[in-house]
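See structure below.
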Amino acid sequence: MPLREFKIVVLGSGGVGKSALTVQFVQGIFVEKYDPTIEDSYRKQVEVDSNQCMLEILDTAGTEQFTAMRDLYMKNGQGFVLVYSIISNSTFNELPDLREQILRVKDCEDVPMVLVGNKCDLHDQRVISTEQGEELARKFGDCYFLEASAKNKVNVEQIFYNLIRQINRKNPVGPPSKAKSKCALL
């Protein structure tokens, strides 16, 4: 089976760890220094459910920046990672509007999405409970939810692998259909 390409967009407020999660997944390293992203694109080939996949991951600026570019990201993306920080209420509270914007741009209710509560290694600074994340995921229509830590490599691969599975379920790839004959007997 040929290599299938996936366009994944990572969205959320500035400082939630979008770049850290993406770089941890793609390169296997944790970026300690915070350097605000304008836009970075990464490619990684992975195997999911015995299928070779080429991921193009767009790591975006925080939601408070470059809003004009966001509609374009959303239009082209096949799946979305919505990230908040478990140590910040405001990053969590922005996600319902972000999800609504994705649904509006895609003009679809069934968009592959993963909700991620990042920085779960900072449990002593936690202000958003796991239950709050689970409840938001339910409100999003049983969106896949998990907590992650880019620093400690917790659930990082699962974010992207689950998203690939969702995209595959929505757009399955089967064997090419044979062209039907357009011949008619009279």
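Cβ coordinates are placed from backbone N, Cα and C, and glycine is handled just like the others.
Look at Gly15 (GTP binding site): DSSP puts it in coil. Per Swiss-Prot, the feature GTP binding site maps to 12-19, 59-63, 118-121; the stated evidence is similarity to another entry.
The motif 'Effector region' annotation in Swiss-Prot covers 34-42.
As annotated by Swiss-Prot, cysteine methyl ester applies to Cys183, with the evidence given as similarity to another entry.
For Cys183, the entry in Swiss-Prot reads S-geranylgeranyl cysteine, with the evidence type similarity to another entry.
The DSSP secondary structure for Thr60 (GTP binding site) is strand.
Neighbour density for Thr60 (GTP binding site): within 10 A of its CB lie 24 other CB atoms from the protein chains shown.
Summarising model confidence by region, the motif 'Effector region' (34-42) averages a pLDDT of 74. The binding-site residues under consideration are Lys18, Cys120. Their Cβ neighbour counts within 10 Å are lowest for Cys120.
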